[in-house]
Amino acid sequence: GIDPNYRTSRQVVGEHQGHKVYGPVDPPKVLGIHGTIVXVDFDLCIADG
């Protein structure tokens with residue numbers, strides 16, 4: 001799952017459509033964690049609902 005401390009343990013590396021992106025990011029394979037209040041780890045998410 002997502003590291004519950006990602007906001008302090010990871011660095012903000014950019015923004016995407018108005019929300020923060022926490023790194024590391026190295027597209028196309030490593031996409032980081034998107035969001036601050038509700039976050040999605042794009043490296044763990046398989047978009048199944």
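For all residues, glycine too, the Cβ spot is worked out from N, Cα and C.
Swiss-Prot annotations:
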- HIS16, HIS19, HIS34: Zn(2+) binding site (BINDING)
- CYS45: [3Fe-4S] cluster binding site (BINDING)
- LYS29: N6-methyllysine (MOD_RES)
- 1-36: region 'N-terminal extension' (REGION)
- 37-49: region 'Ferredoxin' (REGION)
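Annotated Zn(2+) site HIS16, HIS19, HIS34; additional same-chain residues within 8 Å of its Cβ mean position, judged by their own Cβ, are GLU15, GLN17, GLY18, LYS20, VAL21, GLY35. In this structure, LYS29 is the one among the recorded positions HIS16, HIS19, LYS29, HIS34 with the smallest number of other Cβ atoms inside 10 Å of its Cβ.
With a cut-off of 8 Å between Cβ atoms, the residues of this chain six or more beyond the region 'Ferredoxin' (37-49) that come close are 1-2, 6, 22, 29-31. Classification of the residue listed as '[3Fe-4S] cluster binding site' by DSSP places it in coil, neither helical nor stranded.
The CA atom of the residue listed as 'N6-methyllysine' is located 20 Å away from the CA atom of HIS19 (Zn(2+) binding site). Residues in the region 'N-terminal extension' (1-36) partition by DSSP class (helix H, G, I; strand E, B; coil) as 4 helix, 13 strand, 19 coil. Rounded to a whole number, the C-alpha distance linking HIS19 (Zn(2+) binding site) with CYS45 ([3Fe-4S] cluster binding site) is 17 angstrom.
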